[in-house]
Amino acid sequence: MSTESAVPEWQPDLEPYAKPTRPPAEIVEFPVVVRQTRDIAVAPRPRRAPMRVGLSPALSGIIGGATAVGLGILIVAVPVALIWVFITGDGLAAGLRAGVTMWLGAQSVPITISGVGMSLLPWGFGLVLLLVISAVAKWTARMSGLTAAHKRQVMGLSVVAAVVYAGLAAGLCSLGTSGAALPARAAGTGVFVLIVWWWSAAGRTGARQEAFANLPDHVRIGLRSAVPALGLLAGAAALALLVSLVVHRGEFTAMLTAPGDALGIAALGLLMIGYLPVALSWSLAYLLGPGFTISAGVVISPLTQSTTEVTLPAMPWLAGMPTGGGVLTMVILVPVGLIAGVVLSRRLRAIARWQSRAVGIGVAAVTTGAIVGLACRLSAGAAGMDRLAFIGPNSIAIALVAVLVVALGATLVEVARYVRRRFRED
């Protein structure tokens, strides 16, 4: 019997370098996104949260009213004061008085210069002040953290701001040239400021939108349709003014370069910017028919002819006033009224009752006429003494004609639409 120990036989490893196996990768399923192209409900953009700094509406109104006055003086009065000092050589005090006088005049506050009353003023600068007041009103509403639920607080804020603004304007009357304006009339600007302030602040909080949404549909459509009607009338007036300026370019250039030096021309150009809405209002008054008065008993209108020689202020815009063409110039009102009527008729298409459609047309026409009449009222007044004691358009007559143009154009479009529908039905 063998005594050898049993030694296991060596067996080679067949896979000595085999890599370790990995578990199978996990399969991740991604959802398939189907892109829709129609009927997608887009969520409204969230409004920025109001900045709450703990200011009460009364305190915000005080700060806002003073801020609006300060910014208005900085934008309007300071440039005028600097130009006044460089042209006349007077001191800074005289320049500031002239600047404050221009600031008051921009708000249609009658002023007195060298003993001569002036009420035909460059209210184009007032549109700049309107933007300033609107921006400050929104800022104060945001600083107070007001929302659509704070209707009384918004009104209180507006009242306080208007009182502060009017009080400062009345106090600044003493700084104007030759007692620039009556404090009572300056305080009357508070009514205008109150309307603009509430409109802007309520729009910022959403209260105005809620009030507007409570109106009937045809009334809302009528109010909104006044905007394109006003744009069409303003465009027609601008076109007539531009054509007249091209025809009378010699007189316009002579008046514009009359000061002789660059600074004087720049000052005259700045004044022309302020009087641009006045020129457009006069041009529109001519197109609508009643025309405008340039002296006592002298009316420039396509319906009348006057041969009286009148000495007018040396304002380049006056050289560009349309004075020719006769009744043919009023033909431009036909497409203006029809286009305004088409826009209004399309917006009223969803209104079934003809009575409601008629009310919508009336609201649009009356709103347009009221705004046109207000613009013409601001564009008329005294530009001197004697014959220039009152010049400009008759605001009431112009407003009535504007109402007629919009109402008649919309009525013709509605009648044509009705006839067309009946013809298709037959």
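Cβ from N, Cα, C; glycine included.
Per TrEMBL, the feature transmembrane segment maps to 58-87, 107-133, 154-177, 183-200, 221-246, 252-276, 283-303, 323-344, 356-375, 395-416.
Here the listed stretches are 154-177, 221-246, 252-276, and the one with the most C-beta pairs under 8 angstroms to the transmembrane segment (395-416) is 221-246. Note: the stretches the transmembrane segment (183-200) and the transmembrane segment (283-303) are not in contact (fewer than 3 CB pairs below 8 A, sequence gap of 6 or more). Only pairs six or more apart in sequence are counted, and the transmembrane segment (283-303) with the transmembrane segment (221-246) gives three or more Cβ pairs under 8 Å, enough to call it a contact.
At the 8 Å Cβ threshold, with sequence separation of at least 6, the transmembrane segment (154-177) comes into contact with the transmembrane segment (58-87) through 3 or more pairs.
Among the listed stretches 58-87, 107-133, 221-246, 252-276, 356-375, the one sharing the most Cβ pairs under 8 Å with the transmembrane segment (323-344) is 221-246. Within the chain carrying the transmembrane segment (58-87), a Cβ under 8 angstroms from the stretch's Cβ atoms is held by residues 94-96, 98-100, 102-103, 106, 125, 128-129, 132-133, 136-137, 139-141, 143-144, 156-165, 168-169, 172, 193, 197, 263-264, 266-267, 270, all 6 or more beyond its ends. Stretch with the most C-beta contacts under 8 angstroms to the transmembrane segment (107-133), considering only 221-246, 252-276, 356-375: 252-276. Panel annotation: around the transmembrane segment (252-276), residues 79-80, 83, 86-87, 102, 106, 121-125, 245, 314-320 of the same chain, lying at least six beyond its termini, place a Cβ under 8 Å from a Cβ of the stretch.
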